[in-house]
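Encoded as structure tokens, the structure appears first; notes follow it.
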Amino acid sequence: MASGSSGGGYADEKGPGAATMQALGLQQQHGGGGEVEEESSEMGEKTAARTRLSGLLWHGGSAYDAWFSCASNQVAQVLLTLPYSFAQLGMASGLLFQLFYGLLGSWTAYLISILYLEYRTRKERDKVDFRNHVIQWFEVLDGLLGRHWRNVGLAFNCTFLLFGSVIQLIGCASNIYYINDHLDKRTWTYIFGACCATTVFIPSFHNYRIWSFLGLLMTTYTAWYIAVASLIHGQVEGVAHSGPTSIVLYFTGATNILYTFGGHAVTVEIMHAMWRPQKFKAIYLLATVYVLTLTLPSASAAYWAFGDALLTHSNALALLPRTPWRDAAVVLMLIHQFITFGFACTPLYFVWEKLVGLHGCPSLCKRAAARLPVVLPIWFLAIIFPFFGPINSAVGSLLVSFTVYIIPSLAYMVTFRSPQSRQNAVERPPRFAGGWTGAYVINSFVVAWVLVVGFGFGGWASITNFVHQVDTFGLFAKCYQCPPHPAAAALSPPGAIAPAPASMLPPFNSTAAGIFAAPVPSPAPAPAPMHFVLGHHHHHRHHRHGL
């Protein structure tokens, strides 16, 4: 297998060093005296040192690199919205859905890896060379099932990655507001859009070695900060845990978790960056296990501490008091979101490069310039729909459900539908899954469940919630869920009554009759969390914790 490809349009990462050493050898063969040999030796040592450093930080293709990439890409800004989902679902459902969708996501990532190996093996039997070409999911579908599957896969995958990048950009603006509210969130979106555009200079997933490692460390800190800070903070006065209060909120929260464990839209690109892609099969499952050690404690602790107050604060950091520890979590999450933006955008860069004919171009500058148009619609959409939290659920139900659950399951069943294809398969289903029969039963269940619960109920609930956000805040919202500025609050009449937070949906308890327990009245805006926070901060810049 040509698994040593760079995955980014570069033939061989060892090429420059080898060429230099070869030139030095020729120089020594033709003579030139001791001085020439001494200079050549010094040059060789410097080149070797640079090559080793570059390999350590820049060129990653091991199974460990793939694990870091999968784990880092899977849990970014969504970590901050999971407590919000717990408030919508309730503690028990939140925990169960995380475990269930984590297992489901690991299974479909395994299917994608098997289809990739099947496609690549067939192509390499025909002497196809992939050293200057990155294989992508839509090409796997094209090679195994034809152009109609390719078109469907390309449409869903690109749209999901587009909005996945939008979500990261929205998350950057939402987070930075907690340590610097001198600028509104829309202005921060402009700034971070320009910063994230620099990801055009990262050639491929092969070059994310140090970034994946650092990104996972940063998310680990943020997750445990939320968990520990929530426990130390304790439950706010009058805390209520009334979720689920409506069927709309319930399925909205469930689809956000579906989105959380649906980060394998970049699985094929990560596999292609590996030196031995055959080792990928269990990597996503191992990454999911680690991610669960971050998401379960942080989400459950935050929900325990703040309860229903999270319904009006889709970012968990909004309710935690400002401290240097929280500021550090915000900064680290910002850096990780920049990295995750690159993860989501890189496959889009590849598609665009192939469209304009520059995918095999050896010039990084030309490719970077060609990639810039991809960033512009992402920037624009982040300004139109700044709804941090609700947009996750909408993307999860409408795009993730098909991209990473339904299409891979159906593609696997259709690819191996004939006895001959099953007999010649590069990789057979594991025995613990029941062989071919068990694999087809599991895939049928995945398709039915995600189609009905994820896309059907989840799509209806998420769109209802999303439309409510648009009706409440409007498109191009300048500062989504921001508290009123102190100067504006001082101008309001003394007897004026503050409006209730508009981010909470009106009660849908009548809709939920017969599904949930007796309807619980919608909780008041719950001043207790904010009262607690305000009691610890006297400076007016420090007590603006609303999202």
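Glycine too: its Cβ is placed from the backbone N, Cα and C atoms.
According to Swiss-Prot, the topological domain 'Cytoplasmic' annotation covers 1-74 (among others), on the basis of sequence analysis. Model confidence over the topological domain 'Cytoplasmic' (1-74) stands at 59, taken as the mean pLDDT rounded to a whole number.
Here Swiss-Prot flags 75-92 (among others) as transmembrane segment, drawing on sequence analysis. Same-chain residues lying 6+ beyond the ends of the transmembrane segment (75-92) with a Cβ under 8 Å from its Cβ atoms: 98, 167-168, 171, 174-175, 215, 219, 222-223, 226, 241, 243-244, 249-250, 252-254, 256-257, 259-260, 263, 291, 294-295, 298-300, 302-304, 306-311, 313-317, 333, 336-337, 339-340, 388-389, 392.
According to Swiss-Prot, the feature transmembrane segment maps to 95-115 (among others). Beyond its flanks by at least six residues, the transmembrane segment (95-115) meets 70, 82, 89, 137, 140, 144, 253-254, 257-258, 260-264, 267-268, 271, 277, 280-282, 284-285, 288-289, 291-292, 295-296, 299-300, 404-405, 408-409, 411-412, 415, 426-427, 442-443, 446, 449-450 of its own chain at Cβ-Cβ distances under 8 Å.
The feature topological domain 'Cytoplasmic' is assigned by Swiss-Prot to 116-151 (among others).
Below 8 angstroms of C-beta separation, residues 76-77, 80, 136-138, 141, 188-189, 192-193, 196, 265-266, 333-334, 337-338, 340-341, 344-345, 347-348, 351, 377-379, 381-382, 385-388, 391-392, 395, 399-400, 402-404, 407, 411 of the same chain, each at least six residues beyond the ends of the transmembrane segment (152-172), sit close to that stretch. What Swiss-Prot records for 152-172 (among others) is transmembrane segment, and it gives sequence analysis as the kind of evidence.
Feature annotation from Swiss-Prot assigns topological domain 'Extracellular' to 173-187 (among others).
What Swiss-Prot records for 188-208 (among others) is transmembrane segment, and it gives sequence analysis as the kind of evidence.
Per Swiss-Prot, the feature transmembrane segment maps to 212-232 (among others). Under 8 Å from some Cβ of the transmembrane segment (212-232) lie the Cβ atoms of residues 60, 65, 68-69, 71-73, 75-76, 79-80, 83, 294-295, 297-298, 301-302, 304-306, 316-317, 320, 323, 325-326, 328-329, 332-333, 335-336, 339-340, all in the same chain and six or more residues away from its ends.
Under the heading topological domain 'Extracellular', Swiss-Prot lists 233-247 (among others), citing sequence analysis as support.
Within its own chain, the transmembrane segment (248-268) is flanked in space by residues 70, 73-75, 78, 81-82, 84-89, 93-94, 97-98, 101-102, 104-106, 108-109, 112-113, 116, 135-137, 140, 157, 160-161, 164, 205, 280, 284, 288, 291, 295, 311, 343-344, 346-347, 389-390, 392-397, 400-401, 403-405, 450, 453-454, 457-462, 464-465, 505, 508, 511-512, 516, which lie at least six positions past its ends and keep a Cβ under 8 Å from the stretch. Positions annotated as transmembrane segment by Swiss-Prot: 248-268 (among others).
Taken from Swiss-Prot, the feature topological domain 'Cytoplasmic' applies to 269-281 (among others).
The transmembrane segment annotation in Swiss-Prot covers 282-302 (among others), and the record cites sequence analysis as its basis.
Feature annotation from Swiss-Prot assigns topological domain 'Extracellular' to 303-329 (among others); the stated evidence is sequence analysis.
What Swiss-Prot lists as transmembrane segment is 330-350 (among others), and the listing cites sequence analysis.
Packing against the topological domain 'Cytoplasmic' (351-371) from elsewhere in the chain are residues 9-10, 132-134, 136, 138, 154, 158, 200-201, 203: each is 6 or more residues past its ends and has a CB under 8 Å from a CB in it. Annotated topological domain 'Cytoplasmic' per Swiss-Prot: 351-371 (among others), in sequence order, evidence recorded as sequence analysis.
Annotated transmembrane segment per Swiss-Prot: 372-392 (among others), in sequence order, evidence recorded as sequence analysis. With a cut-off of 8 Å between Cβ atoms, the residues of this chain six or more beyond the transmembrane segment (372-392) that come close are 77-78, 81, 84, 162-163, 165-167, 169-171, 173-174, 185-186, 189-190, 193, 196-197, 200, 252, 256, 259, 314-315, 345, 348-349, 352, 462, 465-466, 469-470, 473, 475-477, 480-481, 547.
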Run the contact check on the transmembrane segment (188-208) against the transmembrane segment (330-350): 3 or more C-beta pairs under 8 Å, excluding pairs closer than 6 in sequence.
yes
Same-chain residues at least 6 beyond the ends of the topological domain 'Cytoplasmic' (415-440) whose Cβ lies under 8 Å from its Cβ atoms:
114-115, 117-118, 121, 144-145, 281
Checking distant contacts: for the transmembrane segment (394-414), what same-chain residues at least six beyond its ends satisfy Cβ-Cβ under 8 A?
104-105, 108-109, 111-112, 114-115, 141, 144-145, 149, 152-153, 156-157, 159-160, 163-164, 167, 255-260, 262-265, 439-440, 443-444, 446-447, 450-451, 454-455, 458-459, 461-463, 465-466
